Number of protein chains: 2
Amino acid sequence: MPTLSPLAPERFPELPEIAGLRISTAQAGVRYKDRTDVMLAVLDPGASVAGVFTRSATRSAPVLDCQAKLGGDGSAGAAILVNSGNSNAFTGRAGEASVARICASVAAACDVPGSRVFTSSTGVIGERLPDDRITAALDGLVAGLAPGGLPDAARAIMTTDTFPKGAVRTVDVAGETVTIAGIAKGSGMIAPDMATMLVYIFTDATIAQPLLQDMVAARADATFNCITVDSDTSTSDTLLMAATNVGPEVTERGGAFEDALGDLMLDLAHQVVRDGEGATKFIEVAVTGAASDADARKVAMSIANSPLVKTAIAGEDPNWGRIVMAVGKSGAAADRDQLSIRFGDVLVAEKGWVAESYTEEAGAAHMKGDEIEIDVDLGLGDGKATVWTCDLTHGYITINADYRS
Amino acid sequence: MPTLSPLAPERFPELPEIAGLRISTAQAGVRYKDRTDVMLAVLDPGASVAGVFTRSATRSAPVLDCQAKLGGDGSAGAAILVNSGNSNAFTGRAGEASVARICASVAAACDVPGSRVFTSSTGVIGERLPDDRITAALDGLVAGLAPGGLPDAARAIMTTDTFPKGAVRTVDVAGETVTIAGIAKGSGMIAPDMATMLVYIFTDATIAQPLLQDMVAARADATFNCITVDSDTSTSDTLLMAATNVGPEVTERGGAFEDALGDLMLDLAHQVVRDGEGATKFIEVAVTGAASDADARKVAMSIANSPLVKTAIAGEDPNWGRIVMAVGKSGAAADRDQLSIRFGDVLVAEKGWVAESYTEEAGAAHMKGDEIEIDVDLGLGDGKATVWTCDLTHGYITINADYRS
């Protein structure tokens, strides 16, 4: 177990039961010993399932299978099975056969159609998934299904994460309280061979699948798609959300439920960044005044992915010249003389040069904290974007280079 | 002086004199003490000057000035003045005034028009350039002008480079031998605040400026624009080439002269990679079978810039799963089942999975060398691209994070 991230939350939240959902975990021995490595979630008939996935051209067999199944008939229930230790990615036709065998076994054991079994795998790339170990654990998993299994599930899906990730929100819908609870794993595409961000969110609200899909996709764009640890993209990233459709119905985009969902997704996304490999600083990059939102995102991601910006922050160096560099290389429209940069409340640069009021001491003081805020205003238009990342440290190199499997 | 890169060439080449060119260096004390930090090159009347520059939106004042002057009348001679220690980048209007003062002083001291004085600055970003120290050194520089000054110039333009970079080629043009000699500095955008790749190439051949510009731009695309150390792009990158127009005339694209020029540029570009901060491995990434050359370049750069690929190589780990990941995230068309990967002569993966003949021992043996070759065939079309990079090590983090100016 690696050292706990210094940016870890103080405690794991109390994740409540969601009516219509039962969860179980087991030690299947896929790769790890003496820890749980499989979770099974079973949804009562009638649940809606939505999802968003990696856009990688080399996505894994489980991702391709999930994508093909989304939007199907939910009247007979559904199940989600996740294993850690092996990603079943780049395993050719054998990988697809493993997914098919797991889905068939889960369908039989849980009495749901195979077309409603969703699987995820996270861990080593390119090794055959020992799916027989997973199917051998199924009887035990089914026997252990219980409404309160989410916290254990958050631990079962970890690979090199240093802490389990969970979040919960409650919201009033039509006079009744509904709950949204989610778990996540991942620390970027960072651990030796063990890429992947996995996210599972459940609610007892009633939401038709197409509406749920729209909401999840829109909110993922503003949360999970706005974080970066090291600019590398997993072949297995998966977010699945299920509404058990037991409670009151959410019928429209943009209301309190969607806001609560977005807030929960941002919470989980930030937890992933806080567990970024070797991270010692949590960094928010907010860009305003761009010619378009797309340009703002380009600039924000250019800053957040710049090795020179990330190493400067690791060294607590208020090196604003590197921010200028990252703006300049982003490809977005920018004008040196319109640009301004702030570190938190400290105005650093404006009108094409360092600000008159800026002192190196003020910049350095902001960098000493473990929450860094970089604000860039391009002074050109109304485009804006905010992204989150962490610093680049010796810890990252140690984990990813000083390792030989 | 940092430790010499383990990838440094065995010796600095013997750089010959170029008829029509005189060079001098001096200790102006811009930032460094007890070393030369300014070079002056003076070209006799009639020289052609071509150049390519950073595409950064926040490029430095000297770069903007050079770009405005290219293509001007060369009948009255030209001069190039370069300082290390301060990049005069993001210094607002004051930076432009510094360039104007330097150009006026050089013009007067060397008897060339101010419109034919090209300057470059490399070093700290955002600090006012003490141009008075440079102009105060001018008399001594002019007095020291000599035909054999190129090797000294290669040292004067260094910032955190661990070795001076030079290359020379001779080629037959119309039955006579012409010489092409070049120097470069840079190790990516890597040293504390000290970004920049600078390249100066001289030949005694006769070449009209528009033809020289076309050649230089085309060959830069296949050489300097195909290297990456850390994906960060300087605000000051400058390549200037001067033909003194003393020797026989080159009248067409694509002949022996251009081939020799391209070969020299590749040599200098590779030297820059070999001096990449913290580099212990020189890496060639060759992509074939892409849907287009542009797609091939996307895939090659995605691999070459991936922190996970670069750290794996630093750890001598033949981690081909990370290559698959980098192909997948590149945005180029790719098909898992058509993809093949080789490390040098070792077939690693094909048909969507690890190759039957592959052994971890064979892959690990290739990774132990200090020249790594990654070949990816996408199996889709005729597009191809080759790029060069280095590994990502603790040395990079130490230089860029463990430093506080």
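Yeah, the Cβs are placed from backbone N, Cα and C, and that goes for glycine too.
The annotation substrate binding site is assigned in TrEMBL to B:Thr159, B:Lys185, B:Thr196, B:Glu277, B:Asn400, B:Ser405. Look at TrEMBL and you will find B:Thr196 tagged as active site, nucleophile.
Once Cβ contacts within 10 Å are tallied over all protein chains shown, the binding-site residues B:Thr159, B:Asn400 are led by B:Asn400. Note: none of the binding-site residues B:Thr159, B:Lys185, B:Glu277 has a C-beta at a distance under 8 Å from a chain A C-beta.
Its Cβ placed at the centre, B:Glu277 (substrate binding site) has 29 other Cβ atoms within 10 Å. Under DSSP, B:Glu277 (substrate binding site) is assigned to coil, being neither helix nor strand in the three-state scheme.
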